[in-house]
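Feature annotations, courtesy of TrEMBL:
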COILED    51-128  coiled coil
TRANSMEM  415-443  transmembrane segment
TRANSMEM  463-483  transmembrane segment
TRANSMEM  553-570  transmembrane segment
TRANSMEM  582-606  transmembrane segment
TRANSMEM  657-676  transmembrane segment
TRANSMEM  777-801  transmembrane segment
Amino acid sequence: MGSLFRSEEMTLCQLFLQSEAAYACVSELGELGLVQFRDLNPDVNAFQRKFVNEVRRCDEMERKLRYLEKEIKKDGIPMLDTGESPEAPQPREMIDLEATFEKLENELREVNQNAEALKRNFLELTELKHILRKTQVFFDEQEGGLNTTTESMTRALITDEVRTGHSMGPVQLGFMEKSNEREEYYPCFVAGVISREKLPAFERMLWRACRGNVFLRQAMIETPLEDPSNGDQVYKSVFIIFFQGDQLKTRVKKICEGFRATLYPCPEAPADRREMAMGVMTRIEDLNTVLGQTQDHRHRVLVAAAKNLKNWFVKVRKIKAIYHTLNLFNLDVTQKCLIAECWVPVLDIETIQLALRRGTERSGSSVPPILNRMQTFENPPTYNRTNKFTKAFQALIDAYGVATYREMNPAPYTIITFPFLFAVMFGDLGHGAIMALFGLWMIRKEKGLAAQKTDNEIWNIFFGGRYIIFLMGVFSMYTGLIYNDIFSKSLNIFGSHWEVHYNKSTVLENKYLQLNPETSDYSGTPYPFGMDPIWQVAGANKIIFQNAYKMKISIIFGVIHMIFGVTMSYHNHTYFKNRLSLIFEFIPQLIFLLFLFFYMVLLMFIKWNRYAATNSPPYSASCAPSILITFIDMVLFNTPKPPPTGCEVYMFGGQHFFQVVFVLIALACIPVMLLGKPLQIMKQRKNPNVQPITGSDAEVGMSNGQPAGQGGAAHHEEEEMSEIFIHQGIHTIEYVLGSVSHTASYLRLWALSLAHAQLAEVLWNMVLSIGLKQQGWFGGVMLTIVFAFWAILTVGILVLMEGLSAFLHTLRLHWVEFQSKFYQGQGYAFQPFSFDAIIENGGASGSTENE
């Protein structure tokens, strides 16, 4: 059977590579992505392996590339991405790459350091410029003496004189020098810049530490200044502090240092300040020129690096992946040959051998590689070959559990059943069209959208399931036509097969009109496709009619789906030659499901075909028995109650006899499922000479990666009989009770379908109808507003939220109700060594499933 319905046949191979050719051969296998290597050195520390130094060199190169990438993104420079994947460089090219990256990193770090030093110098000059400008106002106030500007400090000094009893003399802000028997006072002050948010605390600390013997003036700098260390914009203020004496001077400077305030020299003489300001402006202009040239040089370096950064990342990650893989190999005794073990698909062995030959030719080696198939009893990995269409459906199956090796793969059947069951719950032509158009847009633009890699997880999920979304939308449009439902309204395509004979006033005023098929209102012929549009206005019995219809088709679809799942187990048992499970599990399971639940489905079709409102007893609608009551009476062996006069108890002749036989046979299947397989295993253990039912291949087990007899007696050789009985009892109880609960579980198709239809109707009647009832120009404006609100609610609630709900319920029906009948999901995924997967995952060593 093809790989679409089962996983690929795998085999374990041993690979012998000459040391000189190993790198090139592994590189070719990485481009191919069809080989999963095994670690032959599980007990060897990662730091003690042969190629650990090469892996470290690759890590160092990746670090330098990430540094370059961060600087490029900081400047907003676009990185060239051609979408091509360069080949893995030869080992000798690593030296050139390392030298290139080292040169770029050193040059960029040097430029950044110079730029930071220049920016710091520029910041200091800018702050000094603001100090010279802002303090001019403070010094203008000093003209005529400092006493007039320091009244608060004068009061403080007078208070101190009263407290100490010593006269301080004339109040001056400054220090005194004696020269030629003459005392002169010079103003003592410091000027600087501080962060604006620290200024209130700074002022309080000055007042408390200096006991009010200082005078502080401050002015805000209007424009923010750039912090050279991190590039943040900081708002600062200029301050000047007047004080008296060296002791206060030392205290003030310590406080400024504690608050990270920057102090600058500020001449007292106006001429000196003007001269310094002119010098500062000249230096600022020179610094601007140098800074511009530095930034231009940095930009040129980054632009040149951005052109090759993507390719450099790919090359380094490929080199690292190759050496990481080579660390999994063993060296032979001669130290000239590398030995590897790997899982490969049987169908691709020739392709792998061709890749090995190409690698040998590239390396210039004269010794060809050797690929030998090995025999093993290990379970091979599961490899399902997928493409961009089937990948999403396979991901749904693997999310439940990776298939056991070579068992039936549900993914091909899920491609049809998943969107169909979703559409049964989501059936609406309008909502389905919205979903289908969204999926079609992603499919048409998939190349461009795939190139725009993003970390948005929700978008990645939507894009990965674009084909699922498209099919769910298309199937929902089909079921919407069957339900004749589009945004809670109907399409009158073929006209109606009903004629309403009520007068106009009755139709307009009566909210509870019923459609009675017994009258001449109904033409008696079925509608050509889907539901008659007249049911949309049948307010009283619309829900009753749709309930009966949707509930019954939910049970029908559910039973057929479960029977199909049980039938799939037949293919597993026959493929693995497991006659024991085929006889004592598959056959009684199928009989149990057919004789009870499929019989109930047949009763539904008999009831639909035989009973009608226009028929006379015993086949009138009033004589039709309830399917649910009939099924309960059948299981409990009850005799139905006598029907009304003229009606028959049963739908067809001999129904009671058939029902008793069906129930007895179904009950007889339970002990067969419970005891048949364990008793047969016990018999084989007591009488080894008895030919086993399982078959000869089951005893052999698995040869060359090909399993046989899975689930048969050979797989229970080391298991205690008590455990076998317990496990079989658990599986039997799970199947018998699960058949009932799983059948009822499919009623979610009916429940969600009705909920979706009713919610759409409520949204139409309570939102959009408000705008449709308005008239005139106001009605046009009102309708536009209401329609926008209705469209947002429709997309947000009915399409997204209801769609997600239906998706999750559909997923549960497949995982639990369908796959539990045949799918074990106890395997492990095939993870080949693939460059594409490694690069897609951001360079993580290892491999993922190949598409």
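Backbone N, Cα and C atoms are what each Cβ position is placed from, and that goes for glycine too.
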Feature contact check the transmembrane segment (657-676) with the transmembrane segment (415-443), CB under 8 Å, 3 or more pairs: no
Local confidence of the prediction over the coiled coil (51-128), expressed as mean pLDDT: 90
Distal contacts, the transmembrane segment (657-676) - CB-CB under 8 A, six or more residues away: 583-585, 588-589, 591-592, 595-596, 599, 634-635, 637, 728-729, 731-732, 735-736
Cβ-Cβ under 8 Å with the transmembrane segment (463-483): same-chain residues at least 6 beyond its ends: 388-389, 391-393, 395-396, 415, 418-420, 422-424, 426-440, 442-443, 446, 449-450, 491, 529-531, 753, 757, 803, 807
